[in-house]
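Below is one structure; the comments refer to it alone.
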């Protein structure tokens, strides 16, 4: 682990301030540091500095550089611009930038192993809290007995957890984009609260209290899911971003399936309450590890801190940072608009976002519906034990991993290499893979439903579930990348916040009616066939959505006031 990981971690920052900058000092605070002339109090801007950064006219990414997706926007091409802007004198202010294109303090210049370790940490964090969504579901029967409630009510804690991490991004995503807060402090503080909440959740003695605690747990679990992709983008070059996001999202997509796997073992060996003690332990371990090893990577926050250090060293109050300039111009009204209204406006008014939200919400809901459907067949028909039922969820993980190993080399061939060859690459490059994912998703649902009968081997439904999961992974990856490449940087946070809220609300209600849907459509020979077929026909129709984007993507983006 590199020294800067500890220096810029939560513990490192606290130690730095408590020791009055004696420990974990930064390069600018070294005795032999030579302050660049432009930061000195008596520095006079020359004609060469006249082309200053215009914060209102030019979108700047979180590394303090012109945003790649904003450049060359006239031809709707995805391009990259990693050139540092050396023109950093803005009127009477001196805007702090990186010390050259190869500044080692810039996370995008970290060595590959350090980037990989950072992405692993974000993925582990996501997995350690995200498995909490369905971790207790193997113990629902025991929960129903203890609290004297029905199945639908016993499913409410799952529903409210999912709603919680749909609402959370409306609060935490804007905070993580503010230079004062950054990403790491939000990760650590919310993770600490999540860990603490697992204690009363494990001890609560009524369903109302359990539901409230589960909602709060989901709310404080949301930053890693909502901001994890942005953290990956902090350290990964633009042309490698789809690969980095795929690596991180393995934890996000596989996490809910790990929950029932461990939950089934704990329920059999102890009780449903121990599923929450397990969450306390695993997320607590994650908290301790990340306190020491998770560095800040948000460029605006790092430059904000650098500006503060340079002001202290030089006594020059003209020194500022991009983040400080943005905060000084942000009004309370603008903050409310960006945080609460714009995600809703974009969802309703943008056809591209609305259609993607509907499709992804459906796919997301199907994955959560498996937590209700698997017991109907594997326990009710094949008489699996609870632990054996837990292992069946690993078929979802296997399907996702296989899809990732196929997706990464394909996307490198179709996206990364053309960009490195300086060829034009359009957002629609992701869509053919999404169409393939849609076909796999639909095929998997039909395979799962019609192979799950009383006479065939149970491996058939597992193959169908794995195929469904593979398709879901491809749809998630490609449509998220398509949205990220299609909209202006200023609106990306609102676009994804709307998606988080929309898909979480829709997915949260599916487990409530999942079992009744399959029970009402069941036949003696095929207990889940017709229920799966209903979902299969719906997803078959929805394949038209990526096909529409592939045929008319540029036209749809041209009509949008938010798109590139």
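Cβ coordinates are placed from backbone N, Cα and C, and glycine is handled just like the others.
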> When Swiss-Prot marks a stretch as transmembrane segment, which of 74-94, 95-115, 116-136 is it?
Replying inline: 116-136
> Hey, in Swiss-Prot are residue 37 and residue 452 both on the same membrane side?
Replying inline: no
> If Swiss-Prot marks one of 67, 453 as N-linked glycosylation site, which residue does it mark?
Replying inline: 453
> Per Swiss-Prot, which of 184-204, 310-330, 478-498 is transmembrane segment?
Replying inline: 184-204
> With the ranges 26-46, 152-172 to choose from, which does Swiss-Prot describe as transmembrane segment?
Replying inline: 152-172
>> Under 8 Å between C-beta atoms and at least six residues away from its ends: which parts of the chain pack against the transmembrane segment (429-449)?
In response: 78, 242, 363, 366, 399, 403, 407, 410-411, 414-415, 460-461, 463-475, 477-479, 481-482, 485, 526, 528-533, 535-536, 539-540, 542-543, 546-547, 549-550, 553
> Among 243-263, 274-294, 351-371, 456-476, which stretch has the highest count of C-beta pairs below 8 Å with the transmembrane segment (184-204)?
Replying inline: 274-294
> For the topological domain 'Extracellular' (525-528), what's the model's average pLDDT?
Replying inline: 92
>> So, taking each listed stretch (152-172, 207-227, 351-371, 391-411) in turn and counting its Cβ pairs to the transmembrane segment (529-549) that are under 8 angstroms, which one gives the highest count?
In response: 351-371
> How about the transmembrane segment (504-524) and the transmembrane segment (207-227): do they have 3 or more C-beta pairs under 8 A, pairs 6 or more apart in sequence?
Replying inline: no
> What same-chain residues lie close to the topological domain 'Extracellular' (137-151): Cβ under 8 Å, and 6 or more beyond its ends?
Replying inline: 158, 206-207, 210, 259-260, 263-264, 266-267, 271-272, 275, 371, 386, 389-390, 515
> Under an 8 Å Cβ to Cβ limit, what residues of the same chain, 6 or more beyond the ends of the topological domain 'Cytoplasmic' (477-503), are close to it?
Replying inline: 59, 61, 67, 69-70, 73, 78, 165-170, 173-174, 177, 222, 225-226, 229, 241-242, 245-246, 249, 338, 342-344, 346-347, 350, 352-353, 356-361, 364-365, 407, 411, 427-428, 430-431, 433-434, 437, 546, 549, 553, 557, 560, 562-564
>> Under 8 Å between C-beta atoms and at least six residues away from its ends: which parts of the chain pack against the topological domain 'Extracellular' (264-273)?
In response: 136, 138-140, 142-143, 146, 202-203, 385-387, 389-391
